[in-house]
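For 17-412, the entry in TrEMBL reads domain 'Major facilitator superfamily (MFS) profile'. Under the heading transmembrane segment, TrEMBL lists 54-71, 83-102, 108-130, 142-165, 171-191, 231-248, 268-287, 299-332, 352-378, 390-412.
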Amino acid sequence: MNASSQRVAAPKGSLATIGLCLAIALLEGLDLQSAGVAAPRIAKEFALSVAQMGWAFSAGAIGLLPGAALGGRLADRWGRKRVLMLSVALFGIFSLITAHVWNFESLLTARFLTGLGLGAAMPNLIALCAEAAPQGHRNSAVGAMYCGMPFGAALAAVIGIVSPSEEGWRHVFYVGGFGPLLMVPLLGLCLRESAQFVETRLARTSNAALSDATPGVTHALWREGRMRTTLALWVSYLGTLIVLYFLMNWLPSMVVANGLSREQAGVAIMMFNIGGGLGAIGISNVMDRFSPRLTVIGMYLGIALSLAGLSSAIGALTMACGAFFCGLFLVGGQSVLYSMAGQAYPTEVRGTGVGAAVAIGRLGSILGPLVAGQLFALGQSASMLVSSSIPLIVIAAIAALTVVSTFAPRIVAGVVQPGR
C-alpha cells in the first residue's frame, strides 16, 4: 500500500487545534527569545558580568528540562489539554514576574520557573498536533505549529527595537506574560482534547486487566524495539539544541561585539527567526513529500554551511544573511526532529517519549549558552565559537539519520505502528 492510499481525513477540529497550538508556540518563542533581546539592558541595569548573564540564560533552560519530562509524562496520565493549560498559565505568570526582578538571584529564580512552564508546554503541543493531523501530514502539522516559535522570537526582537529606553527591556516580558494568561481561557473553551488520547484511555479502562496498567517510563522508552530510536533521538536533540540555543541567546551580543549597533543586532536576530519560521514550514513539508533520508542530509548540510558563513560574516548585511540561513536550517531542522519524535511513539506513551526527548535536548539548551558565556569571558571570539559547533552538528546528523532508518516508511506514510 502506498503512502497516498493510507492518508485519511483530518480529525474533527484539527485545524482549530493546530491554530491554537501555533498561537501558544508563538508566545513560547517570544518568551524564550526575550532574555536574549533584553540581555544588554538587563546586564547594564543590574551590573551583571558576561558569565552571570550566561547563568541567567541557562536558568530558564534548566527549568525547561524537568518541565519537558514532567509535562510529557503528565500528558499521558491527565490528558494533553489540561497539562497544556497549566503550563501556559505557569510561564505567563513568571514572565510577568521577570519584568519586576530586583537582583541577580531573583532573575535566576523567575527565569527558572518560567522555563518550567515553557518546557512542560512543548511535548503537549507536539502530541496535540501530531494526533490532530491526518496520516501523511503529521510532519507538516508539527512544522506549522513550530513555526510559531521563531516568529514569536522575531516578535520579541521587534519589541526590543521599538522599546529603546534603558528600562524598555521589561516590555517584552509584559507581552510574554499577559499573552499566555489571556490564552488560558480560550484554550479551555476552544481546544479539543486529542481524540487518539481519549480513545486509547477508554480502550485501556474498558479492559479490567489493563485498567490500572499505565505504561511505565521504561516501557515507553526502551521496550518493543524503541531503544535504538530513543537513543538516536536523544543524541540528535542534544547536539542540535546546543547550537540552536547558543545562537538564540548570544547572537545579539555577538553582533554588538563585532562593532555593530544594538538596532543592527535586533535586525540580525529578527532575520534568524524569520528564517527559522520559513524553515519550520518548508522543511517539514519537504519531509512529508520526499525522501526523509535526503531531507535530513540536506537539512544538516545546510546547518553546517550556514554556520561556516556566519562565522566569517563581517558587517550588518552579511551578518543578517548568515543569521537568516542559520535560522532557516537550525530552527527548521528542530521542527523536523520534533515531528519525528511525535511519530516515534504510540499514542499511549507519546507524551512520555516526546517529553523525554525534549528534556534531553534541553540539556543542550543549558550547555550551549552556559559554555559560550564562559568562553566569551575567557576572550574567545564569536567566529571561533560558531565554527567550532560544526562537529556537534555532524554528530546530530548521524543520529537523526539513524532515526530515519529505523522508521522512515512510517514517516513517509504518516503512520505510527503500535509498539514501535
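Using the three backbone atoms N, Cα and C, a Cβ is placed for every residue, glycine included.
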Distant-in-sequence neighbours of the transmembrane segment (108-130), which means Cβ under 8 A and at least six residues beyond its ends: 17-18, 21, 24-25, 28, 31-32, 35, 55-56, 59-72, 74-75, 80-81, 83-84, 86-95, 97-98, 101, 138, 141-142, 144-145, 191, 194, 197, 338-339, 341-343, 350-351, 354-355, 358-359, 362
The transmembrane segment (299-332) vs the transmembrane segment (352-378): 3 or more CB pairs under 8 Å: no
Outside the transmembrane segment (352-378), six or more residues from its ends: residues with CB under 8 Å to it: 49-51, 53-55, 57-58, 61-62, 64-66, 68-73, 75-76, 119, 122-123, 126-127, 215, 217, 220-221, 226, 230, 233-234, 237-246, 249-250, 253, 337-338, 341-342, 344-345, 385
For the transmembrane segment (268-287): best-contacting stretch of 83-102, 142-165, 171-191, 231-248, by Cβ pairs under 8 Å: 142-165
Residues of the parent chain within Cβ reach of the transmembrane segment (142-165), under 8 Å, 6 or more residues beyond its termini: 18, 21-34, 37-38, 125-126, 129-130, 133, 171-172, 175-176, 248, 263, 266-267, 269-270, 272-281, 283-285, 287, 327, 331-332, 334-336, 338-339, 342
Intrachain residues whose Cβ lies under 8 Å of the transmembrane segment (171-191), provided they are six or more past its termini: 16-17, 20, 23-24, 27, 30-31, 34, 37-38, 81, 84-85, 88-89, 91-99, 128, 155-156, 159-160, 163
